[in-house]
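What Swiss-Prot says about this protein:
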BINDING   D487, D493  Mg(2+) binding site
DOMAIN    623-691  domain 'S1 motif'
REGION    692-718  region 'Disordered'
COMPBIAS  701-718  compositional bias 'Basic and acidic residues'
Amino acid sequence: MFNQHSVEIDWGGRPLKLETGKIARQADGAVVATYGETVVLATVVAAKSPREGVDFLPLTVDYQEKTYAAGRIPGGYFKREGRPTEKETLVSRLIDRPVRPLFADGWRNETQVIVTVLSHDMENDPDILAMVAASAALTLSGAPFKGPIGAARVGFINDEYVLNPTLDEIVDTQLDLVVAGTADAVLMVESEAKELSEEIMLKAVMFGHRHFQPVIDAIIELAEKAAKEPRELKVIDDTEIEKEMLGLVEQDLRAAYAIPVKQDRYAAVGKVKEKALAHFFPEGQEPKYDKLRVAGVFKELEAKIVRWNILDTGKRIDGRDVKTVRNIVAEAGVLPRAHGSALFTRGETQAMVVTTLGTGEDEQYIDSLAGTYKETFLLHYNFPPYSVGETGRLGGAKRREIGHGKLAWRAIRPVLPPHHEFPYTIRVVSEITESNGSSSMASVCGASLSLMDAGVPLKRPTAGIAMGLILEGERYAVLSDILGDEDHLGDMDFKVAGTEAGITSLQMDIKIAGITEEIMKVALGQAKDGRIHILGEMSKALDRARAELGEHAPRIETFKIPTDKIREVIGTGGKVIREIVEKTGAKVNIEDDGTVKVASSDGESIKAAIKWIKSIASDPEVGEIYEGTVVKVMEFGAFVNFFGAKDGLVHISQLAAGRVQKTSDVVKEGAKVKVKLLGFDDRGKTRLSMKVVDQETGEDLEAKQKAEGDAPREAAGE
């Protein structure tokens, strides 16, 4: 019934198994990949005919985690998986980025890759396995995919590189780097690092590339057994159109791409395109070529013009040389009510970045396959359509916004103070108000300034820069601080963020084969120079965190109480803690280990809440004097609330000096009194006294009398 094939190898000390032919047999390609006890299913389906009216590759990649994979039931009312989580979105992008450049030019068939996590062993992150499985499924599918690719995670622990570190090991690593590529070249890198050098980062990339070669060999072996016949792809020769187009608009395009202002340049390019279309599609005549083909050739010619100019003259679209960074204006404290804010402008790219400090109540609960955990640092990136002079629909965060936000998050997180030293929940929002390339790196720069403006003690300021590459045969040019056009028309998008001490985040997407280690080394060195320059410009606005938190930010005081007192502080059904919050106006968060965090923008509120909590969580001391309130008057004395929720009895004989006939002659309910704790009776009841305390001054009369009585004897002894 089943025509099964499988390949198994040892990879990083664990077995990797790739199987096909049993599950999802109606898909064009389907592979079940197992690593340890983590299992994923990758499927590929490609439409039988091209999609009409498109000039791009209609590829969709969806990665999904099923909670049953970890033996759990989803939370929420409906108890089933809902919209994609951030992790699912990020892994979908992680798979998409290295496979997209490997489809044959001209492939316009709808293609969908779906990767489903079926089992998770809590040791091996499914993301790398998902990339491997997707590569294998594409290789088997018959689609014109020039793979396979391999992928690996690289850690750096105790100054040694570690292949595919487990989830436990990744906690201690200085580097979390994912690299993917073919047998010959690296195509994609995504990483977070603790201020590591360019040399360590580059060696990590090459380490990963070497160590995923056995995976590529295994996929090829499986394909030799089970791959489908390659789909036929008609390659259309556009040489005639190219010649005609070049003679018609080359000089006009060169002139248009010499205009430095983006909107003016786009307008000029638009007029050149209109000229070309009018030539190829004259009114009243039957067109000689398909409109999409002509538009595609025009787009390719745009890329060639930009690339030729850079390689031939060393001059870029806006007149810069390959190493120059655009003009920078950095400002901090631009919003009056925000806890921290910054406006970072680099050429025609601008980010308004705002920091908000919150308390434990503001932590984000993340429900992942590995379990639920709390995130105390959030960074959100928004890219509204007006930032590029367009109209569009506003809605939830798109995949690109989630990916760019995570990249900036990775760049900033390594320089944040430990949570036990700075116990705030931190939310940073980057609003891209203008964009012409490298908006994610502008977000990193703005986030660093905004956090320091809020008083967050960063280890060091952090900056980011986007690098590009033009490669033609043996000639190449590495570009610093690329424009949007240089990103679209170039061969590489290489984003590097970090401090003066080292790299904190690196992301690389390469569109062609042939990027050598030497080219990457040049790009990293040039990126370091650019990063140091940008940090210098940022320091003109702010070079370190402000000494005080923002005026409107909450203050947090942290202390500990005995764990056996937590229940008393919270009270039945949270009654006590709610009363403390309502009456003091402070926010209170109590953790399982007895750590208490009290937060408010008002210092008096914090003091009142702390005093109240400590009075509940600690015991009164015998011989100490306390201020209290009479809560009940009885014939035999008065009950006084004197220590948080604790009450004690002032016996009628302890109300005042001399004989007291009636308790109500001395005190009334609600009266404020001063009492001394005498001790506890046989039943543990509290005994208090008013008569030994001066009700005006709170002075201990017994101690005063004793001191006065001892004074003459001491004098006589002398």
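Cβ atoms are placed via backbone N, Cα and C, with glycine included.
In this view, D493 (Mg(2+) binding site) is surrounded by 21 other Cβ atoms within 10 Å of its Cβ, with every protein chain counted. The Cβ of D487 (Mg(2+) binding site) lies under 8 Å from the Cβ of G437, S438, A466, G468, D493, each of which sits 6+ residues away along the same chain. Secondary structure counts, DSSP: the domain 'S1 motif' (623-691) has 6 helix, 36 strand, 27 coil. Averaged across the domain 'S1 motif' (623-691), the predicted model reaches a pLDDT of 86. In this structure, D493 (Mg(2+) binding site) is part of a beta strand by DSSP. Mapped onto three states, the DSSP output places D487 (Mg(2+) binding site) in helix.
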